[in-house]
Amino acid sequence: MYGTYQQQERLTEDDILQGMLESRQRFAKLDNSRGYQHSFRKKSKWELVRLSLLIVGIECTYATETALVAPILLGIGLPHTVMTMIWATPSLAGLLFAPVIASVSDRLRSRWGRRRPVLLALGCTILTGMLVLPNGPAIGELVGLTSVGWVATITTVGLIMSDFSAETSNGLCRTYAMEVCTIRDQARVLSIMVLTGGIGATMGALFGAINWNRLGIGRLLGGNGPSVFAANWIVLFVGLLVTLTSFSEIPLPVQESEPMLRPVTQKMLLDEVKRAQGEGRVQDEKEEVQEVVGFRQFVHNVLHMPRSMKVLCLTQLLSHMSYLTYCLYYTDFVGATVYEGDVRALKGSAAAERYDDGVRFACLGMALCSTTSSIYSVFIEGLIVRFGARPVYVGGLLAHCCGMLAMGLMPHKLVVFGCCALTGVMYATIYSIPFLLISHYHSKNCFTEVDGQYVESIEPRGFGVDVSMMSSMLCLAQLIVSLAIGAVIDAVGSTIIITFISSAFMLCAAGSAMAILYMGL
């Protein structure tokens, strides 16, 4: 993937990398009590799965929220307009605070590392929010605040805590995993994270499909909704515990004081290749400390992103706008358009039953989407090696584009079910390749191409900040979709319009992906 350099000693780039890693691993073993030697060796598949288990809990949380938040808010007595506005609040919080939290993690000097303390705090916030969200009425009754306004406020606080913290943790978990892996393992761990994320989403859907009241658990925990969130809580707790105890990070002060304990980046590898080839003096290793970006520099990074990052963020924004248009309204589209049901019909009427049947059928389609995403993620790394990142990225986006267009033109059961598999291909794509590209940019410290040559950046950019900005595109997309698409559906008078809107967004994303700087990946 990274090319081969022919040298007088006939050492390949992989040979030089292996030598660099082995020398650092031997140095780290001199003090086994700190346990940093793992950072310089290849990880097994099980070790990469351990790093990815938090993603299972996060994706399970997303699936649970998608299925149950709207019924919870409507059950309180809120109108659809207010319910939609509440859905936008976590997105707004994410846009304002997620990059700031990532910037703090870039500069954290804790002995426990930079990412894990922040992930622990966010994980505890998610777990607390998941207890508050489905139990708003019970909490309101406990504290003597039983009006619709107060119960809605309590529930909204739980939603913000869980959704905002889950989204922020999503990017930071990937950052942590890539930083404790060698540069050759980064693509592997991202692919495994997409695989485990699909498993988590499927688990969330299955939890929602279970009738917990029949099992007796629902009566014990206060209903079906709290039972689903309780099952999700256990999955998230286990994932958080396993991931945060998987591998220790090398603290920032240690990296600053001991050059041999700094993770090997692609730039360091290329400098070593040049040194071996005798191409002149390269930068001293003391300049190779990972970027530590202060708040002022963080704001500058956000406002003055290089063109490569702007195009990548735009592509991710359009991709998420397309996916969320499908995700948030797919069940309603199938129930109302494919099954010709009516959500407002009297309970027990033929129209209401058709709508409920359509929603259940749509859940099967979304389960197919998650399963396909997991399976396809296994092959992404190999496809990138064989065909290159550009064809794989653009092809994955166009798969969803064609699927949405087919749904709109032929709204039949088999079509809307089968096309969900194409959406799964897209989902695996947008949660792996963009993060791999950011890692590629930072490892080479290059964000710009001039006359076919990659130009090394002279300004420090925080890796965690850039990953978080990429994750924040989901927050911005959710905010736009939540505030705009509902009005479009009301104006048109049919949910079929969401398929064409989703297809158009993804077509624009594919065009933007063609302009991304891939740097030979």
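Just so it is clear, glycine is given a Cβ too, placed from its N, Cα and C backbone atoms.
Keep in mind that this is a model prediction, so the values were computed, not measured.
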Candidate ranges 117-136, 317-336 [criterion: TrEMBL lists as transmembrane segment]: 117-136
Segment proximity, the transmembrane segment (51-78) to the transmembrane segment (117-136), 3 or more C-beta pairs under 8 Å: yes
Dominant neighbour of the transmembrane segment (51-78) in 142-166, 359-380, 415-438, by Cβ pairs under 8 Å: 142-166
The transmembrane segment (359-380) touching the transmembrane segment (415-438) per 3+ Cβ pairs under 8 Å rule: yes
Residue numbers, six or more beyond the limits of the transmembrane segment (187-210), whose CB comes under 8 Å of its CB atoms: 1, 43, 45, 48-49, 51-53, 55-64, 66-68, 173-174, 177-178, 181, 228, 231-232, 235, 239, 363, 366-367, 370-375, 377-378, 380-381, 384, 424, 427-428, 431-432, 435-436
Contacting positions for the transmembrane segment (467-489) when only residues 6+ beyond its ends and CB under 8 Å are counted: 80-81, 84-85, 87-88, 90-95, 98-99, 101-103, 167-168, 170-172, 174-175, 302, 305, 309, 312-313, 316-317, 320-321, 323-325, 328-329, 434-435, 438, 495, 497-498, 501
For the transmembrane segment (230-252), sequence-distant contacts whose Cβ falls under 8 Å of one of its Cβ atoms, 6 or more beyond its ends: 34-36, 38-39, 47, 50-58, 60-61, 64, 107-116, 119-120, 123, 126-127, 130-131, 173, 176, 179-180, 200, 203-204, 207, 217, 221, 261-263, 290, 292
